[in-house]
Amino acid sequence: MEQFHGTTIVSVRRGDKVALGGDGQVTLGNIVMKGGARKVRRIYNNQVLVGFAGGTADAFSLLDRFEAKLEKHQGNLTRAAVELAKDWRTDRMLRRLEAMLITADATTTLVITGNGDVLDPEGGICAIGSGGAYAQAAARALAENTELSPREIVEKSLEIAGDMCIYTNHNRIIETIE
């Protein structure tokens, strides 16, 4: 069976503002199945942003579990992320899920992987998915050389990733916390 491929999710934190954005393309093999998927969402009373890359069903499964962890830990992002990563690493069924998450609240941004990693990105910039390297490089260059807002940096870096990665389109959804 063919795998669902790619997307690009990028987050930029600058001062007390954070933006998280993603494209909308879902690809199965060499076919674009959907161009307007929503891979960036607000959860936990709109206080937490989450973006996902990887298998769509896998990502939704992890998103549900992450929301439950946030509820259990009263919105403590780091604690919820670590608990999800531990479950993901140790649970036989969860270990098969192929997805990654970026989560952000007013003070913290984290990348959560299926290897049990919970990473606090250096410089407040991170990206995942097939176009992640392009988006992250663009975001770093823009953050270091301009005064653009996090939202503007995310928008421009997604545009650049969409120009370079065949699994990333220009249908962007960007959420912010200020």
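Placed from the backbone N, Cα and C atoms, the Cβ positions cover glycine too.
Features reported for this protein in Swiss-Prot:
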type: ACT_SITE; residues: THR7; note: active site
type: BINDING; residues: GLY162, CYS165, THR168; note: Na(+) binding site
Practice task
Please list residues from the chain of GLY162 (Na(+) binding site) whose Cβ is under 8 angstroms from its Cβ, counting only those at least six apart in sequence.
Solution key: THR8, ASP23, GLY131, THR168, ASN169, HIS170, ARG172
Handout entry: Cβ-centroid neighbours of Na(+) site GLY162, CYS165, THR168, 8 Å, sequence order
Key = GLY6, THR8, ASP23, GLN25, SER130, GLY131, TYR134, ALA135, LEU158, ALA161, ASP163, MET164, ILE166, TYR167, ASN169, HIS170
Handout entry: For CYS165 (Na(+) binding site): intrachain residues, at least 6 apart, with Cβ closer than 8 Å
Key = GLY6, THR8, SER130, GLY131, TYR134
